[in-house]
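Student: Got a structure here, written out as structure tokens. Questions coming.
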Amino acid sequence: MQVTLRIQRFNPETDSKPYYREYTVEVEPTDRVLDALNYIKWYQDGTLTFRRSCAHGVCGSDAMRINGRNRLACKVLIKDLGPKITIEPLLGFRIIRDLVVDMEPFFAQYRAVMPYLINDEPPPVRERLQSPEERALYDDTTKCILCACCTAACPIFWTTEWLGPAAIVNAHRFLFDSRDRAAEERLAILNQKFGVWRCRTIFNCTEACPRGIQVTNAIEQVKRRILFEQS
Amino acid sequence: MYHRFDAVIVGAGGAGLMAAAQLAGQCNVAVISKLYPVRSHTGAAQGGIAAALGNVEEDHWIWHMFDTVKGGDYLVDQDAAEVLAREAIDAIIELEHWGFPFNRTPDGRIDQRRFGGHTRNFGEGPVRRACYAADRTGHMILQTLYQTALKKQVTFFDEFMMLDLLLTDDGVCTGVVAMDIETGELHIFHAKAVLLATGGFGRVYKVTSNALAATGDGVAIAFRRGIPLEDMEFYQFHPTGIYKMGILLSEACRGEGGILRNGLGERFMERYAPTLLDLAPRDMVSRAIYQEIRAGRGVDGKDYVWLDLTHLPPEVIETKLPDITDFVRTYLGLDPVKDLIPIQPTAHYAMGGIPTDVDGRVTIDEKNTPIPGLYAAGECACVSVHGANRLGTNSLVDLVVFGRRAGRHMLTFVRENDFHPLPKEPDYRARAEVEWILENEGTERVATLRAELQEAMMTDAGVFRTGDGLKRLQQKLGELRTRYSQIRIDDKSRTFNMELVEAIELGFLLDCAEAIAASALAREESRGAHYREDFPARDDANWLKHTLIARTSGGLQLSYKPVVITRFEPKERVY
Ligand SMILES: Cc1cc2nc3c(=O)[nH]c(=O)nc-3n(C[C@H](O)[C@H](O)[C@H](O)COP(=O)(O)OP(=O)(O)OC[C@H]3O[C@@H](n4cnc5c(N)ncnc54)[C@H](O)[C@@H]3O)c2cc1C
Ligand code: SF4
Ligand code: SF4
Ligand code: FES
């Protein structure tokens, strides 16, 4: 089938502001949006620029706005979109070029929540024990691929300085891991004014997550944990 | 720009990050990676990581070693396989201590599942050896190692692409040259020790489970600098890729009880591997699938067969294989709980690569002479623990065991050695390459050449090979090489020029393909993943040896080195 992609373009070397260009391509209905983008890049216009790697939704490279929603281009099929597709970079980040945005502030938010296991007790010779039930408490938040679909969909993030949902998801992953011992420090960070309380429970993030993580739910669990520890 | 680090690690997948974790805080170390570390292809690994923990049934490292040697069709260096099997246990425990969220047994220990070719008591039957986190084991390894590297404050250069390796005339490694993709600027990294951990090159083939970034950069750069490549003819096709797309459906599907069926609905593996059935090693299963297809027993006479999970309890599919279920639903619109899944073998893993010893030191010849300061680990390297065919779950364990050993050896090396002076104009080759590609005014498109390359490799260097086919392939590669000198790219910009990146990567793919074709043509026997229809038997008398292929001024040169045999004498491989 034939589809038209309207793509936001910007090259800082030549353009003063972003503009749109249209491309028409012949694709299979079951092709991914990424296939269409690759087709354009490979055979029509080599200057079209975007990130990609795994091509099946596990590396988090190709988050972008597709018909207004944050999605991974490799996880959306053409047949689910119809013949006219608009593609734009994620909102809230500096555009480096075309669909490529500067992810550094996003990773800085991630680093701010100390996203690693902290436990200074000498480990046993073998594994630390953890029951399947304890393991299940943080299973959902281990799935995060740091694609930024959620954070870039959050209206609070567009206007205010705050950690954003992805960082909180990753804090949750350690807060609810029975092996971790740094809950107090992490909760203190999340309790600051740019922390969890900025969230207005709008659920954009949950809807955007390509990994199906219950993002808002994780944020709520973190909020409750802060309140619980304070009382 | 000039940088100076004791140690530079190129690649931020499992191998690179594991090495970085050994060096961080102990010396001045940088990791450069063309992708953000968490985008590395290690994150795509699904099924598991092998270690004889014996948590759910009796197991011993020596059984793991034996399976690795036999699975590799006896081309495995047994000293390395012993290191792998012994140190796997400790490496897994270390990952757990760093926070890896393994699936657990009811009593809270690391759970284990079955995987192809892993057996109890030297081949008696399948054993539960693969440690896992649902079907996202690689994702969790990558996350855990990246998190550990952040905790240890490793310095990262993200989206920096290595273009060249710096060696002095007397063969000492002094650093690398890399391009900052965002600005196009070249950076010189002066180092005492360099680790290449740049991953595989599945993108030489048309149907592959590998990421678009898996273009063999480190392997090709080493090859260009005169370092020989080992066992390049051994390339693994994984039996269960999604038909036409190549997206992997992990062997864990079969580990959990899934079955392969031909177009007639028969469980055809009964004919090929009566003991291990669907869990026979990958080379055998992939060949069996093609044999069924050739005999007209593919589905509707086409070139695919079924993976059947419909008899598994739905909760096993949903909870132990959630990502795979999601792939099948997203890309095929099918439900694995009730539908059969169309699959075909997909290019998956390079057994060969840059030769190293068990400490990750890159070796230059048949006598295993190391190059001072140069290391390699992970899929780009060949220690050789996988021999002619890798077992499932043995790559992830290779990354952590040999990434760790390489890191530790590098630490000793940088403590005992000084910086060597850089060659004059260290970046001239990289600069010339970039300028040439940007300015060349030819007529060929990179994508067209790449598609032809992938098609030719699939046809003539895939699961089945013949002498005639490989000669035809070599001719085609020669033609592609010439046409590559006539490329033209649209994008002349310096900012995030991905067309430039893809053009450079195509050059790397061509190098890898040439090494594969020449090594495969020379090896006149069938062993593991290398199957020659004109020489269908294994020939230990003449071919129980590793191939080394080097690029010299006089063309490609082949030599051979002996296989290290310690505990297990080569036997016929039946399962
Ligand atoms: C779909 C899939 C599933 C798999 N499942 C399993 C499994 O269950 N068990 C198992 O044991 N194995 C599995 N494997 C194999 C295993 O995942 C890989 O072999 C392994 O992850 C490779 O790791 P690596 O660290 O060597 O390289 P990678 O993880 O591929 O990392 C390569 C790194 O090098 C960088 N790089 C590359 N070129 C350059 C350059 N020019 N300049 C700078 N940086 C560069 C990249 O950015 C990246 O960071 C699977 C493989 C695939 C494809
Ligand atoms: S639920 Fe909170 S984090 Fe998610 S989009 Fe809404 S405000 Fe943002
Ligand atoms: S929570 Fe989901 S949407 Fe957000 S970064 Fe992680 S994977 Fe992406
Ligand atoms: S390319 Fe990896 S998530 Fe889309």
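Positions of Cβ are set from backbone N, Cα and C atoms, glycine also.
Keep in mind the model is a prediction, meaning the values are calculated, not measured.
Feature list, courtesy of TrEMBL:
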type	residues	note
DOMAIN	B:6-396	domain 'FAD-dependent oxidoreductase 2 FAD-binding'
BINDING	B:11-16, B:33-48, B:D217, B:E379, B:395-396	FAD binding site
MOD_RES	B:H41	tele-8alpha-FAD histidine
BINDING	B:H238, B:S250, B:H348, B:R390	substrate binding site
ACT_SITE	B:R282	active site, proton acceptor
Student: Filter the recorded positions B:H238, B:S250, B:R282, B:H348 down to those whose C-alpha lies within 10 angstroms of the C-alpha of B:G47 (FAD binding site); answer none if the list is empty.
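Tutor: So the list is B:S250.
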Student: Of the residues named as substrate binders, B:H238, B:S250, B:H348, B:R390, how far apart in Å are the Cα atoms of the most distant pair?
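Tutor: Result: 14 Å between the two most distant Cα atoms.
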Student: Name them in sequence order: residues not among B:H238, B:S250, B:H348, B:R390 whose Cβ is within 8 Å of the mean position of the Cβ atoms defining the substrate site.
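Tutor: Surrounding the site, in chain order, are B:S209, B:Q236, B:L248, B:E251, B:R282, B:Y349, B:G392.
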Student: Quick check on the binding-site residues: of B:A15, B:L35, whose CB has the lowest count of neighbouring CB atoms inside 10 Å?
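Tutor: Among the binding-site residues B:A15, B:L35, the sparsest Cβ neighbourhood within 10 Å belongs to B:L35.
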Student: Could you check which of the recorded positions (B:H238, B:S250, B:R282, B:H348) sits closest to B:L35 (FAD binding site), going Cα to Cα?
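Tutor: Answer for the nearest of the recorded positions: B:H348.
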Student: Within 10 Å of the Cβ of B:S395 (FAD binding site), how many other Cβ atoms can be counted across all chains shown?
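Tutor: That number is 26.
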Student: Taking each of B:R39, B:H41, B:H238, B:S250, B:R390, B:S395 in turn, which of these recorded positions have a Cα lying within 10 angstroms of the Cα of B:R282 (active site, proton acceptor)?
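Tutor: Checking each Cα against B:R282 (active site, proton acceptor), the hits are B:H238, B:R390.
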Student: May I ask for the distance between B:H348 (substrate binding site) and B:G11 (FAD binding site), taken between their Cα atoms and rounded to an integer number of Å?
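Tutor: Each residue's Cα considered, B:H348 (substrate binding site) and B:G11 (FAD binding site) end up 19 Å apart.
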Student: For a quick check of packing: other C-beta atoms within 10 Å of the C-beta of B:R39 (FAD binding site), how many?
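Tutor: A count of 30.
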Student: Over the domain 'FAD-dependent oxidoreductase 2 FAD-binding' (B:6-396), work out the mean pLDDT and round it to an integer.
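Tutor: In the predicted model, the domain 'FAD-dependent oxidoreductase 2 FAD-binding' (B:6-396) has a mean pLDDT of 96.
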Student: I'd like to know which recorded positions lie near chain A: of B:S250, B:R282, B:H348, B:R390, which have a CB under 8 A from one of its CB atoms?
Tutor: none
Student: Can you tell me the three-state DSSP label for B:G47 (FAD binding site)?
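Tutor: DSSP assigns B:G47 (FAD binding site) to coil.
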Student: Relative to the Cβ of B:G11 (FAD binding site), which residues of the same chain, six or more apart in sequence, are found under 8 Å away?
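Tutor: Set apart from B:G11 (FAD binding site) by at least 6 residues yet with Cβ under 8 Å, we have B:V31, B:S33, B:S40, B:L195, B:L196, B:A197, B:T198, B:G199, B:G218, B:G378, B:C380.
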Student: Other than its own, how many Cβ atoms are within 10 Å of the Cβ belonging to B:H238 (substrate binding site)?
Tutor: 26
